[in-house]
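According to Swiss-Prot, the features are:
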type    : residues                                  : note
DOMAIN  : 29-216                                    : domain 'BPL/LPL catalytic'
BINDING : Arg71, Gly76, Ala77, Val78, Phe79, Lys134 : ATP binding site
BINDING : Lys134                                    : (R)-lipoate binding site
Amino acid sequence: MSTLRLLISDSYDPWFNLAVEECIFRQMPATQRVLFLWRNADTVVIGRAQNPWKECNTRRMEEDNVRLARRSSGGGAVFHDLGNTCFTFMAGKPEYDKTISTSIVLNALNALGVSAEASGRNDLVVKTAEGDRKVSGSAYRETKDRGFHHGTLLLNADLSRLANYLNPDKKKLAAKGITSVRSRVTNLTELLPGITHEQVCEAITKAFFAHYGERVEAEIISPDKTPDLPNFAEIFARQSSWEWNFGQAPAFSHLLDERFSWGGVELHFDVEKGHITRAQVFTDSLNPAPLEALAGRLQGGLYRADMLQQECEALLVDFPDQEKELRELSTWIAGAVR
């Protein structure tokens, strides 16, 4: 029996596609290797720990019938239309390795005639006369026994619409050394005129099969033909809910934000009588777990620099691999509230 599984979605509904992804990830055998290919109609997809009101122009999105979808991985906000091809690779540990899935995508692009390379923490770029241009962005998620890598390839996306719905973080733009979103991305059609979603999916599928030395039949799925996934209706209801995608607007009396080399951080505090009655953390960090834990620790504590710093440093026990990030965060918070 093959250890591979290939699913291709005929749906353009971001909530359906992300719910399928979540279901498969939760329920797949640890020995299985999964490739899921999909695309979304007009959607802003935000990272698990992001604040949609800061990241998106929600008024313009509503006017233009652009959906908001919160994914379960970290990272930043992106705009999807039918000019994007989305891919998700899943595998159990210890086999899960994002460098393998990255190489599969690079091999697929090479087979199509595009020479691309990995750049930074989550991008694929091509070299042009104007410099490196991004053609793909990715995000990742890991649990104790499995992981996934998902991302998008820009085929023929309407790049002019990016600025309509995304509010660029000025500190992020400065940190990346760029002047505009449009200047740093390009479509694959600029390199391969006429390239289609179907051709890209076929190339990725062939590279996936070639890497593992196996082939399987594709499962074509849609809302009318859902895969056999227990609890899919429940997960779809959550994925499409306002509570998941927007949540409650943060009520705060003090806002702190900063951009570090590893991502942006925004802290929202409500403070009453010197105590933090509510703490929220939003971030586009690819590993938001320590920051999510920090929010819980700050709840109910004193709004004092030394106490906040102490709570940051206490997280080093649970997140030793993020020592650099936590120490930078601790120093910044202490200085910001003094």
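Cβ atoms here come from the backbone N, Cα and C positions, even for glycine.
According to its DSSP assignment, Lys134 (ATP binding site) is in a strand. Arg71 (ATP binding site) falls within neither a helix nor a strand when secondary structure is assigned with DSSP, and so counts as coil.
Its own atom aside, the Cβ of Lys134 (ATP binding site) has 19 Cβ atoms within 10 angstroms in the protein chains shown. For Ala77 (ATP binding site), the same-chain residues 6+ apart in sequence whose C-beta sits under 8 angstroms from its C-beta are Val44, Val45, Ile46, Gly47, Gln50, Glu55, Cys56, Leu166, Asp284. Gly76 (ATP binding site) falls within neither a helix nor a strand when secondary structure is assigned with DSSP, and so counts as coil.
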